[in-house]
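Novice: Shown below is the structure under consideration.
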Amino acid sequence: QLTPSSFLRIGQLSNVDLNEDTHELETEVPRQRPNEIPHNEKLLSLKYESLDYDNSENQLFLEEERRINHAAFRTVEIKRWVICAMIGILTGLVACFIDIVVENLAGLKYRVVKDNIDKFTAKGGLSFSLLLWATLNASVVMVGSLIVAFIEPVAAGSGIPQIKCYLNGVKIPHVVRLKTLVIKVCGVILSVVGGLAVGKEGPMIHSGSVIAAGISQGRSTSLKRDFKIFEYFRRDTEKRDFVSAGAAAGVSAAFGAPVGGVLFSLEEGASFWNQFLTWRIFFASMISTFTLNSVLSVYHGNAWDLSSPGLINFGRFDSEKMGYTIQEIPIFIFMGVVGGILGALFNALNYWLTMFRIRYIHRPCLQVVEAMLVAAVTATVGFVMIYCSRDCQPIQGSSVAYPLQLFCADGEYNSMATAFFNTPEKSVVNLFHDPPGSYNPMTLGMFTLMYFFLACWTYGLTVSAGVFIPSLLIGAAWGRLFGISLSYLTKGSIWADPGKYALMGAAAQLGGIVRMTLSLTVIMMEATGNVTYGFPIMLVLMTAKIVGDYFVEGLYDMHIQLQSVPFLHWEAPVTSHSLTAREVMSTPVTCLRRIERVGTVVDILSDTSSNHNGFPVVESNPDTTQAGWVAGLRGLILRSQLIVLLKHKVFVERANLSLVQRRLKLKDFRDAYPRFPPIQSIHVSQDERECMIDLSEFMNPSPYTVPQEASLPRVFKLFRALGLRHLVVVDNRNEVVGMVTRKDLARYRLGKEGLEELSLAQT
């Protein structure tokens, strides 16, 4: 039987020793060589917390909601629309800034190198040109990598896996800070100008999300400024909805695809969704595309012609010249299969590379050196391939920005140089639209091969960079090659236009790497401005996803898994009906009484061995049926709420002596959000430890509970659909027997042999 005193026992965190029988985790690293970090992907990290997507309906919350009348609710609704418009405008402006700066810096670099090459081609000594190119690239990338590695490591990569996790409900540290945005934008500019095999499109999604999180809170913690606006939105529920709008605005600024942005947010991101949210997110995306379009049109000097909706513009595909016929459908499906296999190969290579990086290249200085190495190698490969290529094309009638003559006759240019001597976005458009015969098949084959390995090596470096454009470029190159070989086989028949196959190849390659279906189809349709290709693109992407999933999972999911994030998928694992809440939950639970000693609360919060964030509040009632006491569940209180109570010293004794100036309001909790002070920073004197604290008006009196017999899929559905952080497990007498948190559910995963259980580690 439970006695009232046994509730104060603090439950040790039992999750870690669930599998004592399996091998000990490799935590005992030999001391003498700390240059290798053991990493096991069958782990879930305990350093990630969940977001509180579910509102705590305590008395303060209910009082405030009752005070707000209909007109005030309307102003809140208007504020939401205003915030969405601001998110759109700012995301569009950031995209413009990145685009304009990259264009000018890259143009400058290519002009310098081109003049140098032209000079040295005449009089010999081209190795100097190579040195100049490699040094320029490496030094630019060095700066870009230094700021990421030493100032804000979260800004590395495209940021899409991090935003996916955030929208899934996982709190990734520093992911939506202003500092991250600044480093991200500078890092993207530097890595694209540095000639790495990267795109500037993926990071736009992260930038949009940071902008959204910043604006909706009406203050910046990095700048220590509080603008005293939008205070109603200072909670995880609202913030996360705005972040999904920011991600959508980022997609639509990058590709000029507002509908694709909304669908991206829906497919990759938010766990919780409703109609109003969709409409607001669409509004933010449209505004973002429009802003980018008008600013870039003014910049390019034709103010009234809105012709550049996104950072990448695939150009218009005319249906007359480039329609497709029924007999091409099997060809497209075959391209989808090829894309799926190549994408799976890309992901598998990148997986091993990332494991190697986690183990050996974990020091910031090593990461910077690796980034510089990749930059120099990229320049060298490009130079050697341009040098060895004998593929000359006439300059007349071609739209090449920096035509390199090298060893070609006068009036001709080297066609390999158009692929390497350009930003990746321009190369993609060239591959789509250059007239048939602009490229030698040999050139395309070599380019695809080299660029595939370069892009694979580059993704996961410590620079801010996306993987969208390199994938499109690889796919467009082999797609065009495919189209050329088809027209050879069919003796140059009219339907085998290489540009059309370049588009399908690009879709297949990108689908095979990132495995997005719905949103990617719409993004490709909007970016090409052609609905006729919707059906073949959809077929290609579906095939690529099915084939790729057979071998290895998508790139973003793989990186989420490698970082050991407790990510919840849409459904529980299919074979998990045999598990019940009793087997999944964590026990024993640390409970608090409704009126609790301050000392007890402080001790529970300071206990580092059990870093719990939610505590059931119980009250002991005499049980009539059996002799004894029953501790019925009365509510749930969060660590953050307890810390605010201790900080404001809301004790029963002080209230009786009327020392408390005023009752705590919800505003006090909002002002402390999102960075609640740690318990160590709160001073509680010895006398105060003896006081009592009354939790009844601050706890959530109606937390979600499940009976301990509930099956895992049922628990999972409730947890995931409502975006919970804590789910209390009770028995038939309403006594608390356990707690289900995100880690307990994310632990079960479908492996090759069926259901596997991951172990939990503190790292």
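Keep in mind that glycine also has a Cβ here, set from the backbone N, Cα and C atoms.
The model shown is predicted, which means the values in this text are computed figures rather than measured ones.
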Novice: Need the matching range: TrEMBL marks transmembrane segment on one of 242-265, 362-385, and I'd like to know which.
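Specialist: Among 242-265, 362-385, the range TrEMBL annotates as transmembrane segment is 242-265.
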Novice: Summarise the domain 'CBS' (699-757) by DSSP state, stating how many residues are helix, strand and coil.
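Specialist: Its residues divide into 16 helix, 23 strand, 20 coil.
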Novice: Kindly say whether the transmembrane segment (531-552) and the transmembrane segment (329-353) touch, using the definition of 3 or more Cβ pairs under 8 Å where each pair is 6 or more positions apart.
Specialist: yes
Novice: Please determine whether the transmembrane segment (277-299) and the transmembrane segment (242-265) are in contact (criterion: at least three Cβ-Cβ distances under 8 Å, sequence separation 6 or more).
Specialist: yes
Novice: Determine whether the transmembrane segment (329-353) and the transmembrane segment (467-489) share at least three Cβ pairs under 8 Å, counting only pairs 6 or more apart in sequence.
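Specialist: When sequence-distant Cβ pairs are counted, the transmembrane segment (467-489) touches the transmembrane segment (329-353), since at least 3 lie under 8 Å.
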Novice: Which residues of the chain, 6 or more past the ends of the transmembrane segment (181-199), have a CB below 8 A from one of its CBs?
Specialist: 94, 97-98, 101-102, 105-106, 109, 133, 137-138, 140-141, 143-145, 147-148, 151-152, 155-156, 159, 206-207, 210-211, 214, 312, 374-375, 378-379, 382, 423-425, 451, 454-455, 458-459, 461, 463-470, 472-473
